[in-house]
Structures are given as C-alpha cells and as structure tokens.
Amino acid sequence: MKKEVRKVRIALASPEKIRSWSYGEVEKPETINYRTLKPERDGLFDERIFGPIKDYECACGKYKRQRFEGKVCERCGVEVTRSIVRRYRMGHIELATPAAHIWFVKDVPSKIGTLLDLSATELEQVLYFNKYIVLDPKGAVLDGVPVEKRQLLTDEEYRELRYGKQETYPLPAGVDALVKDGEEVVKGQELAPGVVSRMDGVALYRFPRRVRVDYLRKERAALRIPLSAWVEKEAYRPGEVLAELSEPYLFRAEESGVVELKDLAEGHLIYLRQEEEVVARYFLPAGMTPLVVEGEIVEVGQPLAEGKGLLRLPRHMTAKEVEAEEEGDSVHLTLFLEWTEPKDYKVAPHMNVIVPEGAKVQAGEKIVAAIDPEEEVIAEAEGVVHLHEPASILVVKARVYPFEDDVEVTTGDRVAPGDVLADGGKVKSEIYGRVEVDLVRNVVRVVESYDIDARMGAEAIQELLKELDLEKLERELLEEMKHPSRARRAKARKRLEVVRAFLDSGNRPEWMILEAVPVLPPDLRPMVQVDGGRFATSDLNDLYRRLINRNNRLKKLLAQGAPEIIIRNEKRMLQEAVDAVIDNGRRGSPVTNPGSERPLRSLTDILSGKQGRFRQNLLGKRVDYSGRSVIVVGPQLKLHQCGLPKRMALELFKPFLLKKMEEKAFAPNVKAARRMLERQRDIKDEVWDALEEVIHGKVVLLNRAPTLHRLGIQAFQPVLVEGQSIQLHPLVCEAFNADFDGDQMAVHVPLSSFAQAEARIQMLSAHNLLSPASGEPLAKPSRDIILGLYYITQVRKEKKGAGMAFATPEEALAAYERGEVALNAPIVVAGRETSVGRLKFVFANPDEALLAVAHGLLDLQDVVTVRYLGRRLETSPGRILFARIVGEAVGDEKVAQELIQMDVPQEKNSLKDLVYQAFLRLGMEKTARLLDALKYYGFTLSTTSGITIGIDDAVIPEEKQRYLEEADRKLRQIEQAYEMGFLTDRERYDQVIQLWTETTEKVTQAVFKNFEENYPFNPLYVMAQSGARGNPQQIRQLCGMRGLMQKPSGETFEVPVRSSFREGLTVLEYFISSHGARKGGADTALRTADSGYLTRKLVDVAHEIVVREADCGTTNYISVPLFQMDEVTRTLRLRKRSDIESGLYGRVLAREVEALGRRLEEGRYLSLEDVHFLIKAAEAGEVREVPVRSPLTCQTRYGVCQKCYGYDLSMARPVSIGEAVGVVAAESIGEPGTQLTMRTFHTGGVAVGTDITQGLPRVIELFEARRPKAKAVISEIDGVVRIEEGEDRLSVFVESEGFSKEYKLPKDARLLVKDGDYVEAGQPLTRGAIDPHQLLEAKGPEAVERYLVDEIQKVYRAQGVKLHDKHIEIVVRQMLKYVEVTDPGDSRLLEGQVLEKWDVEALNERLIAEGKVPVAWKPLLMGVTKSALSTKSWLSAASFQNTTHVLTEAAIAGKKDELIGLKENVILGRLIPAGTGSDFVRFTQVVDQRTLKAIEEARKEAVEAKEKEAPRRPVRREQPGKGL
C-alpha cells in the first residue's frame, strides 16, 4: 500500500548532506559531445554520475537488458538501470572556496546579517571582497581605538594594522626635503615645500638624488700682520677677529714661486710652488684681498694681499693652535686651520647610496654603489655624508631602536612589548609590531602592526558562524529584551527569533554557506537537438557551466600560488557564479544569454512566479483526456447535456472505445483497433454506435477560462453531434459567463468511477442551479426566453372608451360592437370594474381559451374570464398558457398555480423567483425540467412574437424640449449669481451638475411614461421592462438625452450631451462622449487584472477554511441589525430587504426570538420565509437585531462548524461537513470583482482634491487593511463633544469623567458631530473612511469585523451585486486571526511576536493550569496578502508570493507543514481534505441495518475475547451532505 504523506518538513542542508545526495562530482563544464551526441565524462550530463540515457544499457553498450540491473560496467563505469533515474539523481560541484547562499544574504532582513549583527551592506562588503571582517583582533588598536571582533576594515585599514601604517610622499625633481632622513615628524609638518605629512612617524628618504659629503680639511698656514693690530689668542673660533688694522696693510711674499690660489668662501689660501714642491702656505683671513692671481710667479717681497679694517677667521673655520713669532713691529703667525669642505655628487636612479644620513667616512670609503665602477662615489677624505633631494619621503609609524652589537631579530619578525631586539637584551620593543632591521642606519625599526586575523569572503563569514554559541547569544538577547528602548527591544526580538529558529530546528548557521553546490538531475535541465543540428538547452546548464569554469580556474590559480589580488577577484567571481545559479539577478545585473537581453532562468526563477514550478506545474497542470473547441448554442439540449463533436469524443474516450471494440470483435486486438481509428475513413457506423455505448452514462467536465468561481467547471452528459463545435445549453451561459461570439471551452474526462460519480453528483449542471455567493438561481431564464414569456404574459391596456359606465353587460357589449369601447379598455358595469373582453369571452376551461387564440378570435394579451383549476379567473390566455407550461414541466398544475403570480407579466425577477421557489419546493430534478420547459417555450414564443427593433422604435417624448428650455433658464440664473459674486466657482459647478442631473432624470421619466401610456408593446420598452436586454440608462440615451459625461480624471463635464442617439450627436457632443468611452475601456482592462489578483489573494488566505465539525459549541454570536442610520436625515430606518437577506438568510439563530406571537427557537436555520417574518416584526417595532451564529465567532480551528456557517447557499440546506467554504467565499467575493467600477470620485464641496475611493480599489483597500487616503478622525474614548474654533484650526475635545482628549483639525474639516453630542469610542468625528487599525485600537475586533463587512458590502451593493455577508466574514476572520504579544508572562514567547490567536489561547490555558502567568496580547488586523504569507503552511505561503523569503524563513526554522489546507495537498498530489477527499467522507462507511447488526455482534465477540487491538477505523453513520 502506498504510504501517505502526513507532514512535509523543510530544513537547511549541511555540506555532508549535499554530498550524500550526490552520485558524483561534476568536474568539467562539458555537456555532450557534438559528434557522438553522448554525454562527456565528468561533465554536466555524465552517465556515470546521473545514470544511463537508455533503459538498462550502459554507455559503451557492453551490458544491455534488464537482467544486468544494478551492475556497474567495468569499462565505462555506468550503472545498468532505468533511465528515469536521470530525473532524480543529483551531482555536486565541490567549491574551491566556500560561497554564501544568496537567499540567506539578500533576504530582508538578511538571516546571516541578523545572526552576526551585521547590516546587509556590511555583509555584502565582506562577501564580495570589498572589506575585511575581523575574526580575532589580537589586541590591535586603530587610531587609538581598540579593534573589535566582527569589525569591518577597509583594505587600507587592514594593511595598516597588519603591516603597519606608512605613507609615501613623492617630491618633484630638484626639490630638497625640509626634514632629515630618520627624523621624527608629526601630522601636519612640512616635509618639503608644499608637501605636508598626514601622519606621525619616522621620515625615511627613498632614493636621494644628490649626496653632499662635508670633507674635513686641515692645513698649517702662515700669516704676517702688524703686531699692534694683532688680537692675541691661543686659538680662534669661527669668525673671531685676528687683527684690527688701523690703516691698509700689504702682506708680502716671503718665498718666491708660482701662485696657487684657493678660495675659502670668506678667505683664501695661497700656495707657492717651486716645481712640484709647495714652499710656502699663506692664509688670507676675511678682510684681506688677494693681489695675485692663479699661476702668477711672485718674487720674495712682492705684495700678495692687502688688508683693511678687521681681519677675521672665516665662519666655517677654526684655528686650533697658533704659533706666534714677533719680528719687530710685525708678528709671524703659524695657524693650524680646520674646516669642512662640502662636495655634491649627483645620484642617478640606477645608483644606490649605501651609507646613512650623517655617516662619517674615511678616505677611500665607498659612498654610492653603481653597476659601473666608473660611476661609484668614493670618499676623497675623512668627512660626513648628507643626503639630499629624495625622490620620495616615506613616513612610517614605527619606533626606532639604534643598536651597537648583535641584532637578535630578523626583518619580518613580529614582536610584542618586552621582546628583545638587540645588544644581548639591552634593546627591547615597547610595542606590537613588525621588525625591520636597517643595517645601513644601524637601527631596528619596529613598525607598529598586529598579527590580526581578518579575512574576506564567505570563508570569513563561515568561520564566524561556526564560532557562534547560540545558547549564549539567546541569553544575551533575552537580557537585551529588558532594555527600556523600544527600538533596541525590537531589534533584539528579530535576532532572537532567528536564533531560536536555529536552536529549535537543529540547523547550524554555517550551513547557510555552501562548500558544495548540488547539481540538478540532467533530465530536469535537458538539452535537446533542434532543427538544423543546433541544441536548445535549459538556462541552468549555462549557469552551471559558468560556475564550473570559474571554480576550476580558481583551483588552478590557488595551486599556482597566484597573487592575492587575482585570487581575491576570482573568489568574488565564484561567489557571483553561485549566486547566479541560485538566484540570477538578485544582486547586481543578471547574467544574460550572449547577444540577448533575456536574463537566464536560475533555480529561484524556476520555483517562483506565475511560470514557476509551484504555480505552473504543481497547482495547475495540463491534463490528459482533454480537448478544447469553440462553443455554439445548443437550444435543443437538456440542462444536464452538452453537445460533443464526434471526432473529439472519439479521441477523448479512445481507451474505453478500444476496449469496447475488442469486446465486440470489431478488431482482433487493441493495436488493430487503434490502427483502425487512426485511418479515419475506416471508421464504420458500428464504431460510432460503440462510441455511443461508451459515453452512455458518462459525464464530461466543461470549463471556460477564466474560471472565476466553481461554476466555471461543470459536468454534462455528452451528446454526440456533427461538426467541430461544442454545443452548450443556453441557461448555463451565465454561470460560465459565456457567450457565442467565438468563446472556447475545454472538455475533460473524469476517468475513474469515483471521479465520474463525484462529477455526476456534485458538478452536474442540473445540480448547480443556485449561486454559492448569494443563494439565488444562476440558471434562470434570460434574454430571448424572458422576452417570449413576458410577451405572452403581458396584458393589453387600451384607451378607447376607458372609464365608461354601463348598467348591464349587454350594454357594454353593444357599445363594443359599435366600436365605442376597445376590448381591453377598463370600464364600469353595474358598479364593478371590468372590461369588454372579460364579459364577451368566458371560457369553461383553459383549452377553450387557447383554441380561441388559435382561431384568431383573441390575442394572447387580451384579458378574458376562464375557469381554471376550479377557480374563476380574469386573466389573459397568455398567462393561462404560461401556467400550463409550468404545470406540465413540474407535473402538477396545482403546485404551478401556487408558484406563479398570475396577475403580473413574467419579467426577469418574477421568473427568477419562480425558479427559486420551484427549487425549494420541488427539488433539483423538477427545477431542471422547469428550466428546460421555460427555455423551449421562451425561445419559441420570442420567435413567433416577431419582436424586432427599427429606428422608429426609439420614440422621443414631446416634453424633452420643454425640460431643456427650463434647464437653460435655470442655468442662466446660476451664471448670473456667479458673476455677481454670490457663488464660488465650486458652488457654481456643483449647482450646474445638480441641474443637469435632475433634468436628465426628468427626461428619462418622460421617455418611460411616453412608452407606458402610448406604446406599451414598443420592442425597446418591452425589452427593457422585461429585463431581457438593456436598462433604463440605455433607453434614455437612445430616446431621451445622453446627459452628463465623465472626464478622464473622473470628474464630470458640466456641459451635458443634450442629444439622444436617435437624434444624433453634434461634433462637440461626440468629442465629449469619447472621453468616457475610452476611460471605460481602460478601466475594464485594469479592473480585470486587479480583480483576478484579488481573487487569488482571497483564495490563498481562506483555502484552509473547511467545515470540519457539526457544532463548535460556542456561545458567542453576532447581532445582525435590521435598522441603519440614514446618511442624510441621521435617523434610524429599516435596512433594505435584500441587505437583510444577505445578512440573515441561511444562518443559525443563536438566541430564541419571539415576535408577532411567533417563536423562532435557538439553533433554527433561518429560511427565506423566516427572514421575511423577521422583517415584518422589525416593521412592527418588535425586533431591532437578530442574534445569529457566524464564522467570525466560530471556535473550530482551521475551519468552521456547520452551525456557525449555516446554509450551503448553492443547495439551500445546511452545509455538509467537508465543504471547502473558504474557497467558495473567496470566489464569491472575487468573481463579481470585474463588475465593480474603478472610479475614484472627486467629491464636490469644501474638501476639494480629497478622493473618495470606491469600487474595486475600495474593496482591495479594505481587504488589504490599508490606511485610507482621506481618513476620518475617530474618537478614542466615550464622551461629550466640545468644539473650539481657533484662527486657522478647529479643536474638538471629547470629554468624559476627569479625562479629555483633544483632536486638532483643519478649519475646513467636515465635522459629523455638533457641540454637546455624545460620542462613543470608534465613532468618526469627521467625514472620510475610517482607518480600520485605529478602530481596532479604539473599539476592539468586533467593531472592525462589522465595519469591514459593511464597507465591503456597500461597494458590492452599489453595483447591484448580491453577496452573502458570511463569505466576507470568513475572509475577515482570517484577517483577524493573528495577535501580537504585549507581555510574554511565563512563556517562551517574546514581546512583539506575532502568532495565531489559537496558539496563544491554548498556551494560556496550559500556563494557567500550571499556575503560571499567562501571555498578554492584543489583536492584530492583517491584510489578506500578509495574512496569507503568515500562514503556518510554508508550502501554501511559498506558492502564493515571495517564494524565496517564505522558503528561507521556513528552512532556518525547520518548519513542518501539517497539510491542513487545500493548496498544500494539491501541491503534493494528495486528495484535498475537503468534499469527498475529507477524512470524514473517506472513512465513513455507509451501512444498512443488517450490517449494523453484524458489526454489533462482532463487537460483542471482540469484547468477550478481550482482544487488545482496537478497530482501525471508527464506523460512523453518514451525515446528510454532498459527500459520496
């Protein structure tokens, strides 16, 4: 026996789970070999992974046939099995690096982000390699602030923390730095002209372009000066005075030789050479001017220089020792001079300075190294090196530690505070950092950095998710829930819900990151060859191929050790490829087909949307044994029949026919029979006879799209017809909304005997006569039928001689003979009103009357006297004929007499009432017969009546012109009043509109009065009056005037169309009319889509509502008011009869009602008669409201009980258990949706510009519980109104005892209350639509329920749609089934959590029983969309809307679908738990007395034998219902 699915669970798959599903890894992007057309090895269609392409045949063909089943071919590695395994065997792609599942990233709010407390933007920055996320800060500090775990870092920040902060400042060529190499700089300090440091640190020169060596020069030189001028000292510092000359002094040579002159900037040295040898060195201090030049030969005593004033030592020179010899009046000084002599060397880019700034060098030491030894710079003497004009300055955040001896660290080492750096422990680091040993500068630099663990991409997120301690996080968040801030609590709640979802489901957060991507079975993403040798392939193959290519490329790059930036880019591309496979286009631009704009369909696209798996393939499938064709009318058919084209029937019933042909020996076997049918010309007459036999007793289903309600599919008994069109009974057209202007219908054959029986009993057209929405007949006479029946039941009224009085009948007859009185003119004879016809024609029985008509003595419409069923009637032969027709159809003329109103013509409504009364009194079968009779005679009579339309039938009343002239006069008065300033423009406009509205109404009345008095048999009038075609508005436009037209904006043109169509429109009138026509067309198109969508939302919210039990036992009820407040007079008046009927009919009384001496007991189902009785009682002032059970108060979970629902309106009897009342309600509300107007009226008067939403948009607004645009201000408390007027505002105070509430309103607000009025909470103070959410807060759920039902009904009633309240109540109940927790008490619930009222109430019962604090909650009002998405069934919600969001939420919570509603069962292909699929019907055995007795005996025996095993299924009596 097939196992029955009871629940369906959805959860996250772990990487191990994904691998366990897989039959092998897909390693190559290849699909199939284009030459052999066989799948490539390790590719996306590999037979080794996914199974063989042909049944029981391996790839190489070594093993064929079923006997090798299960064997794996040793040659090709393919398992021998059925090829169907290629529909469910999966593969996988092992990712080179983890990738996040986009559903959990991009869902709102992001699931991964919620758990890790990251915003969606932050999470994306990490996943797509824009920022690092810190996994372990390891004491890192950024800009003086400690780095925290999960902090995001930019590339720059990460490099700074990991490798230290450094900045390079390039310098223009030839510009020297303002700081020295190795100098400490601060932020804002100028490093070079125009170059400012942006950070603190150590400045290091990069590539100095110039080196200056300050060579240390020493020289012993002589100087003779006047003794009197000498300033005597042992040594001289730079710039000190040697002598103070009072008069010029010539210094003369003491040796002869060639002069060599050396300039010392502030002095000179003179060398005298004899050949190569220097014979004398003379020092000329500052203040002495040389008198000789380079190369000059001097003799002893020749003046060398002249001194004047002060003689000083140059400022860059010192004289360390001075030897003085006094010779007469002069002194001979020998000075030991020391000075620095700078020398610049250019450094080319290919040369390298190998000494640091300030280094001391000895002669012969290398300063600048170069490849070419010629270019090297060698020190000429002892000196100090200075670096200049660096190409750039590097500022590094580091500590510099000079060392003398051994370095104990190497470059790249990481050190912490206290770690030894050099000199045997003397030099230690004071910070965290990375070591740079600088042997050129003899320092150890510790660049401030940290061994921080921060990463990018999904692997970083996976690591964080793995580390999460959910229990600890739950405790922390529960603490956070106690925070006073509401925003903080709300955020904590959202996080807590996700945390608990993971904890309760057993899912692990890190499973949201994929390590392996599952590959769909190949037959679910096929590749097929199309004409021309090309291949058509599923988009998924392209997406998988892209993913495999990127994955393989990344593996290769990782193996090759590619640079970090390339790896990072490749990882990002891999993440994007995984995203595209799962949900293409969710982030960034979608992947498209090369050369086209069409995005590729990813896994998500395959699931969601109208074309997705759920809606296209699971909730709606194309079925076998079906066909479609154009429909034509079949007036000869019975109500339960349809005409099925022979060829179509042959195909539809082929299997049955083949069997029959074999049985009757038309063919030896099925194969031959099939061949015979395929050759069309071989079909013999006996085959058609066999087909007749096959279809005998069978029904087919006919469906017309759009199927807006359940009557869009009905069962019919097929009748074989020639031709190719399906013939449809005219009376079912209304249910299908079909006409014969080219409509098509589909035919389906129910195959099993169960299906046939169900279709015949429950879906047969003759069994679906009443509308499930209102309980009124749907199969009812219309169009021609009404026309024919109205024609014969109309009576002729004539004017000639009307009102004449006669003493005796003979006198009257004599006057008729003389032509003074017409046959049907009302006259008075002996004080009694009568007519000549009644006196002249007196028949003993109906047959005589009808014979007289046949002989042409009378018309059907003449009033005569007939004896009928023992009564003397004054009526027309036509009415007698009608009574006859009905009597014959129902088989009882007496009953017919009771059903028919003989004294009125039979128009649309009276015929509808006739059908309904017949249904109630005579049942379905006889009603169907009656309908067929009415159809037959209606068509016949409308044909013989000869009613046609000619142009002269549009008769224009004479009064029209008078009314128009009167209107023009009033119009001039209005214009004058406006011009004189008595009216505002708006008031003028309103009055003009009002004037023309009244005028049009007068013209309409004149048209009909004219018809009634002068042309009672006018075809137009007859059609409109009978309800056959046309309405007063259309007749008005034909014969009266078109009246006011609408602008596209919805406002009204103040210029009316005065002409009628009979007269013809002027150009301007035609132009004005065209606006409205176009708007009508646009509205209809929009309306159809909106209406269909609304129906879908309603079905989704209500489909689980099924009648589940007989009585829920509730004591709650609703009171249906019989009176309502009149909008204009503000007084109570009785509601319209039809409104009361749609509120009360078919309901169960919740309390006893006594009125007019009659008692209606509690628990009674209210029939239409009962409702009419209650209306009478209300008129007599004995009843104001009626207490009834309602779905709103029903206590049955996931449904309603029989008592709270009441009648099944389509059967006019109590609803059966298992009836899918939720879907019926949704269809009943949605089906008339297209009829509702789109208009949003612009209201006149003060509040200009405020739109009052009406029609379909208003219905949608109410069902979606939206806050209305033009909102009414409502009172939040009971109290007395006090109004204060300010300069620009109104203040309305509602005052109750010790409390007052103020409402500030604009000055032009339209108030509904006066000073001193008493108002209740929830009562509107101003005009406008009430916000249902505010009403819920002010007055509670009951008030909102009532408001929503009333407001929705208002819209439907305005369009003349009759709809029972209980359908709306079922949907409204679903809108109010959720509550919000305000205080969790002792439960695990959270403040602000939303859940079903049932669950909270059940939990509270448990808590109270355990003596704990119960949960406090407040009711919530949800729109149908939100309510449908909040349902417990994840299958139902996902197949409705927001598929990815629903599945994401369900997966993390590991949700179980209990399969309670209809949709989820349809999706799984189970019988729906409603109707014949409900357990109540399926497990109910129908038994007779004998079987009951046998069961009783068996039970006794069982008890005696004390068998422990209980009977598996309870045996119950079948309850009355529609179940099989």
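Glycine is no exception: its Cβ is also placed from the backbone N, Cα and C atoms.
As stated in Swiss-Prot, the feature region 'Disordered' covers range 1502-1524 out of the listed 145-167, 1295-1317, 1502-1524. Of all the binding-site residues listed here (Cys60, Cys73, Cys1112), it is Cys60 whose C-beta has the fewest other C-beta atoms within 10 angstroms. Counting every protein chain shown, the Cβ of Cys58 (Zn(2+) 1 binding site) has 24 other Cβ atoms within 10 Å. Of the listed binding-site residues, namely Cys76, Cys1194, Cys1201, Cys1204, the sparsest CB environment within 10 A is found at Cys76. Closest to Cys58 (Zn(2+) 1 binding site) by Cα-Cα distance, out of the binding-site residues Asp739, Asp741, Asp743, Cys1112, Cys1204, is Asp743.
The Cα of Asp741 (Mg(2+) binding site) lies closest to that of Cys1204, out of the binding-site residues Cys76, Cys1112, Cys1194, Cys1204. Cys1204 (Zn(2+) 2 binding site) has Asp743 as its nearest neighbour among the binding-site residues Cys60, Cys73, Asp743, going by CA to CA distance. Cys1112 (Zn(2+) 2 binding site) falls within neither a helix nor a strand when secondary structure is assigned with DSSP, and so counts as coil. The DSSP secondary structure for Cys1201 (Zn(2+) 2 binding site) is strand.
All protein chains shown were included, and the count of other CB atoms within 10 Å of the CB of Asp739 (Mg(2+) binding site) stands at 10. The Cβ of Asp741 (Mg(2+) binding site) has 5 other Cβ atoms within 10 Å, all protein chains considered.
Candidate binding-site residues: Cys60, Cys73, Cys76, Cys1112, Cys1194. Nearest to Asp739 (Mg(2+) binding site) by Cα distance: Cys1194. The Cβ centroid of Asp739, Asp741, Asp743 marks the Mg(2+) site; residues of that chain outside this set whose Cβ lies within 8 Å of it are Ile631, Ala738, Phe740, Gly742, given in sequence order.
For the pair Asp743 (Mg(2+) binding site) and Cys1201 (Zn(2+) 2 binding site), the Cα-Cα distance reads 40 Å. With respect to their backbone Cα atoms, Cys73 (Zn(2+) 1 binding site) and Cys1194 (Zn(2+) 2 binding site) stand 65 Å from each other.
The binding-site residues recorded for this entry are Cys1112, Cys1194, Cys1201, and the Cα of Cys1201 lies nearest to that of Cys76 (Zn(2+) 1 binding site).
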